[in-house]
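Enquirer: Got a structure here, written out as structure tokens. Questions coming.
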Amino acid sequence: MYIVMLGPPGAGKGTQAKKLAEKLNIPHISSGDILREAVKKGTPLGRQAESYMKEGKLVPDSIVLELLKNKIEEEKRGFILDGFPRNLQQAEELDRTLREKDKKLDLVLNLLVSEKAVVDRLSARLTCPKCGSVYRKGDASYERGVCESCGVRLYQREDDKPSVIKKRIKTYLESTHPLVDYYKKRGVLRDIPGEGSPEEVFEKIVDSLGL
């Protein structure tokens, strides 16, 4: 089964994709994780991506596709993909890649979250630079400022700062929102109310899929 998870930054796409991947026993692919890994390693593509991410801009298609295409083609049983596609050109490229393997996209889950909720969520989280774990306000590790697994000091990602978040939301609405119409016309889109606890949102997804 091939699934795409849509929604604005901070909608919880990664969290929900991981939960659903475990339930369906298929891989979870995050373009964000792949991009951040490239940035952390300081690869040429990673350095290019970093300059865009710091300004809250979308990383160009050419960079994202170069990092993701081989990864997507490796998965034979299906996948849950979040953070990609972000525009119509990427969606068409994803469709072409799947067709080459005699596969097709089965479902697109669109998480609906307000702008206020996005800003509140993202500006109140810290990330471990070593393992990538994310801690939110209220977590013991967040209050201590240290990762519970690595003992490394947590930091606020550049693209989690309020001023950058608002740019990211604007960019999403301009570049990504048209995908809703694209997938709706194909009959594969399902809107999921994305506010509430991660457990509550996941229950809505499970109910929507009849699992």
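Using the three backbone atoms N, Cα and C, a Cβ is placed for every residue, glycine included.
OK, TrEMBL features for this one:
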{"type": "BINDING", "residues": "Gly10, Ala11, Gly12, Lys13, Gly14, Thr15, Arg125, Val134, Tyr135, Gly196", "note": "ATP binding site"}
{"type": "BINDING", "residues": "Ser31, Arg36, Lys57, Leu58, Val59, Gly83, Phe84, Pro85, Arg86, Gln90, Arg157, Arg168", "note": "AMP binding site"}
{"type": "DOMAIN", "residues": "125-159", "note": "domain 'Adenylate kinase active site lid'"}
{"type": "REGION", "residues": "30-59", "note": "region 'NMP'"}
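Buried or exposed, and what's around them? Tell me for each listed feature.
Expert: Long-range C-beta contacts of Gly14 (ATP binding site), restricted to its own chain and to partners at least six residues apart, with a cutoff below 8 Å, comprise Ser30, Gly32, Asp33, Asp82, Gly83.
Within 10 Å of the Cβ of Phe84 (AMP binding site) there are 25 other Cβ atoms, across all protein chains.
Residues in the domain 'Adenylate kinase active site lid' (125-159) partition by DSSP class (helix H, G, I; strand E, B; coil) as 7 helix, 11 strand, 17 coil.
Taking DSSP states H, G and I as helix and E and B as strand, the region 'NMP' (30-59) has 22 helix, 1 strand, 7 coil.
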Enquirer: Rounded to the nearest angstrom, how far is the Cα of Val59 (AMP binding site) from the Cα of Arg125 (ATP binding site)?
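Expert: The separation of the Cα atoms works out to 22 Å.
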Enquirer: Note the mean pLDDT of the region 'NMP' (30-59), expressed as a whole number.
Expert: 87
Enquirer: Using a Cβ-Cβ cut-off under 8 angstroms and a sequence gap of six or more, which residues of the chain neighbour Arg157 (AMP binding site)?
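Expert: Spatial neighbours, sequence-distant, of Arg157 (AMP binding site): Thr127.
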Enquirer: Widest Cα span across the ATP binders Gly10, Ala11, Gly12, Lys13, Gly14, Thr15, Arg125, Val134, Tyr135, Gly196, in Å?
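Expert: The ATP-binding residues span at most 18 Å between Cα atoms.
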